[in-house]
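A.B. asks: Residues or ranges marked as active site, involved in ionization of N3 of dUMP, leading to its activation by Swiss-Prot: 185. Annotation comment: Swiss-Prot describes 56, 80, 81, 82, 88, 174, 175, 176, 180 as FAD binding site. The dUMP binding site feature in Swiss-Prot is assigned to 77, 78, 79, 80, 88, 89, 90, 91, 92, 158, 185. The domain 'ThyX' feature in Swiss-Prot is assigned to 2-219; the stated evidence is sequence analysis. What Swiss-Prot records for 80-90 is motif 'ThyX motif'.
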């Protein structure tokens, strides 16, 4: 099951952004700015920044997520968002005695497709186990110790695992990169799995920075759809989902 947890974030993110932006136009230092910066003042200034499209100050705050129950297909898409830091469960160092896998809903709901899919997953596990044992025995016979032999075996045996293989990942993005991520991955044209994750992430960041992320979501939430002829035609539904109106 897909789980998203907001592990950490910059304390008082909206005040931090407002203070950083105000510093650009202030003769005093950040201590004086923060001392006189009320919640209402920070909100007003942040709204002004966002309305002007002045985005560089929001790079000062970051958000760290822990995600579980996702496929390697998802993480291959995720790491294309390059202004971020990623730490993913390793198939090289973690032996998968019984690997978990993600079944897409379209396959789950088709009895024949599901059987074909599960047969392939079970076949991959069987092949992995046999390759690990075969290579491990070979390396031991060559004089390599048992533990390093197993490690050497599993790093090659993992090549049989499919994109469906379940994985876990921790990643950090600054707010500007996160906004860009939401524009692309909350879009109806994004694949179902990463879109579901993005929706959960939006819900998490809105709890701690509601002003900053009030228009978070696909590009069409706060402006025109950039997809041209590929537009999904669901602008009204998307704005209802993300803005509640």
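A Cβ is built for glycine as well, from the same backbone N, Cα and C atoms used for every other residue.
For the listed features, I'd like the structural context: burial, neighbours, distances.
C.D. replies: Taking a C-beta cut-off of under 8 Å and a sequence gap of six or more, residue 185 (active site, involved in ionization of N3 of dUMP, leading to its activation) has these contacts in its own chain: 77, 194, 195, 197, 198. Residue 185 (active site, involved in ionization of N3 of dUMP, leading to its activation) falls within a helix when secondary structure is assigned with DSSP.
DSSP gives residue 81 (FAD binding site) a coil state; it is part of no helix or strand. Around the Cβ of residue 81 (FAD binding site), 16 further Cβ atoms fall within 10 Å across all displayed protein chains.
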A.B. asks: Using only C-alpha positions, which one of 79, 90, 92 is spatially nearest residue 175 (FAD binding site)? These are the binding-site residues in the record.
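C.D. replies: That would be 79, the closest of 79, 90, 92 to residue 175 (FAD binding site).
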A.B. asks: Give me the long-range Cβ neighbours of residue 56 (FAD binding site): same chain, 6+ apart, Cβ under 8 Å, in sequence order.
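C.D. replies: Long-range Cβ contacts: 176.
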A.B. asks: Got a sec? Which of these binding-site residues, 79, 175, has the most Cβ atoms within 10 Å?
C.D. replies: 175
A.B. asks: Which of the three DSSP states, helix, strand or coil, fits residue 56 (FAD binding site)?
C.D. replies: helix
